[in-house]
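Data first, discussion second: the structure below is written as structure tokens.
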């Protein structure tokens, strides 16, 4: 019998609905990882959300009912804003509840006060979802890199800004033009100031800097410069010089103090982070022991952000209910939940294939090869055929196939290799789209 | 007063010396994060290591003394191999010690047995360093992505193989040729079988798959194919088709079972993971809620791997000594260790700069600009000068400078803008190398 952990969720917007949907869909898996029976016992929301079926849940229109509900162990604040949200979080803390929030503005502005209140009451405040959406970057810095003196970090931590800069580069479009599209797509707000002037990124940057350097949150000391003045010409010249322009949040330990700054930045095009495009986020962290490490993923959206909220719920649940010396089981699932599953023999695995053949330079070879592949239900997605080199009679024939079972492909290759016009074993390398 | 956590380290090779050096160099910072006084109370090693000053530590030549030392809370196994290492780890567990290991072969082959023994004795076995060196990938899957049903993961988890494939692509070199260089550089062993035949990657892959899917470790069911037969021609044809060849470990939930396979794979060149080069590692994890996320960093080496070993020590220490409801403090450092530090005003920040000017198309302008920059100690690292467009009298002049203080650059720009031959405000974007 798993011990219950009783969760109250406040706010049923994008992230709230994502969180509820994940907890519902993956309940058995999440409980097996948490070692607890995670129950949503109350949802506080001013209105329903069509993206979230809340039938079966206790709903209240008064979020403070959740903060004052004596049965709630963990309050999840997803209402946004900083005024009511702060009051809600402090009420929950004063009532002895653990708090989880996705609210970067709240933490950036009032984190110092909120953390002190939580310490005084002996409860946890978790906020993985406040920075870089679904990327577990807070856990990485706070725990995964705990051995390191962090030298600097640099992040693409505003998806809207990165989408705009990516479109400007890929299509040579102007800032204003792409901004309008981003607004139409719902990536940017009607008033885009928070995104394009670097304010949203500044909220996230001060949180990362405090984790990296052990300093209080200092939102008023961040230098921010927006991307509104970047011209298409600068994007193109940067490219010509071997650079890309990215809107970065940068925190660095310098000799005389800490640098905290958000601004458009030219970075060498060959750096991995220069290739993070569209609305995706990434954070590059340089530790003295580990060197550079990078964390990449979706920086916003219902379920990516909900993924981080739920990981915080699992963290709190593991702490509340698990044997403290086994907070996280070795394989991440309680021993009773580690279950054998069939492992597919390679014959049954399906992938696409790259094939290279050495063929006699005569008409009709390609047709024979294509006929054999077709007999096995394999189609050709791309092809390179080169002329024979001076003095050679064989020509290379390179094919990409569609996805097909390994065994079927092997049988087709045997038949191809038995053709008179094919002179060497067929080279075969698997292809994965990784989408 | 921080409570002591007493650590015994077995093995003083590459990872052992990296671990001891990090614990020594960053002791105060690590203790502030752990909320404990982490003490190395004994080191067991058959011989000394010139890369590690062990003066002041209690050294024994018999590693089993460490496993039987009643004062040791946590035994760190860094001797490698699977025979003595297994006996050592099981002895420590039977003596009620927590165990940390970087030994992928040991976990892949005997993890099921070792975890069962640990559960029976109520101790932890941690192994972050066993997969992908310094990248906190085990923590990411086991905790950060706990909300997700993992659909698949794909990793570049053998640096030697990735170094060879990268060199083959960049320089058109043959496999055998690059392998010899890798051996000379110390990236590959004299007998390179473990690396180039995919065995090392298979060890890491089964560990990742068990964490992702909640299945026992099944090293004997992994399909492995090496990179020894990849020809330069295939690398070039793949490139022509828009792909790169990477040696991937892939674990996937398919309809009929789990796929576990290590083999060279063509992946689209535009994927971020296709741009992970040299000895670096990266793991791409696709969760149903979060979508694709990627984790990148050094996959081997003394301090990167030591970083993961020490993060496990901090994890165990936090569990052993912290108030369980505050296992990890909000900002990752105990509240007493969150200390204000000066934040540098932007005027004092030093970066390189991209400058774009609109100059009258007359001789001598560049010389005037260069002279002003030189007066402020600013040198020009790169330049683009274009001809005036048809019918326009101004030409764009684009410069990259060396690193310079913001204030000094701003003063120089003021002087440049006051030149008669400069007709518009100078565009200025900061440049970061991110190395």
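Here the Cβ of each residue, glycine as well, is placed from N, Cα and C on the backbone.
All TrEMBL annotations are machine predictions without curation.
The NADP(+) binding site annotation in TrEMBL covers A:10, A:11, A:12, A:13, A:14, A:15, A:16, A:17. Of all Cβ atoms in the protein chains displayed, 24 besides its own lie within 10 Å of the Cβ of residue A:12 (NADP(+) binding site).
Positions annotated as NADPH binding site by TrEMBL: A:104. The Cβ neighbour count for residue A:104 (NADPH binding site), using a 10 Å radius and every protein chain shown, is 24.
According to DSSP, residue A:189 (L-homoserine binding site) is assigned to coil rather than to any helix or strand. According to TrEMBL, the L-homoserine binding site annotation covers A:189.
TrEMBL lists A:204 with the feature active site, proton donor. Taking a C-beta cut-off of under 8 Å and a sequence gap of six or more, residue A:204 (active site, proton donor) has these contacts in its own chain: A:104, A:108, A:130, A:131, A:132, A:155, A:157, A:158, A:249.
Residues annotated as domain 'ACT' in TrEMBL: A:354-431.
Listed in sequence order, A:183, A:195 are the same-chain residues at least 6 apart in sequence whose CB falls under 8 Å from the CB of residue A:189 (L-homoserine binding site). By the criterion of other Cβ atoms within 10 Å of the residue's own Cβ, the least surrounded of the binding-site residues A:14, A:17 is A:14. Residues A:9, A:18, A:19, A:20, A:45, A:49, A:52, A:78, A:79 surround the recorded NADP(+) site, their Cβ atoms falling within 8 Å of the Cβ centroid of A:10, A:11, A:12, A:13, A:14, A:15, A:16, A:17, which are themselves excluded. Of the listed binding-site residues, namely A:11, A:13, A:16, the sparsest Cβ surroundings within 10 Å are found at A:13. In the predicted model, the domain 'ACT' (A:354-431) has a mean pLDDT of 94.
Under 8 Å, Cβ to Cβ, and six or more positions away along its own chain, residue A:15 (NADP(+) binding site) finds A:78, A:102, A:129, A:302, A:305, A:306, A:309.
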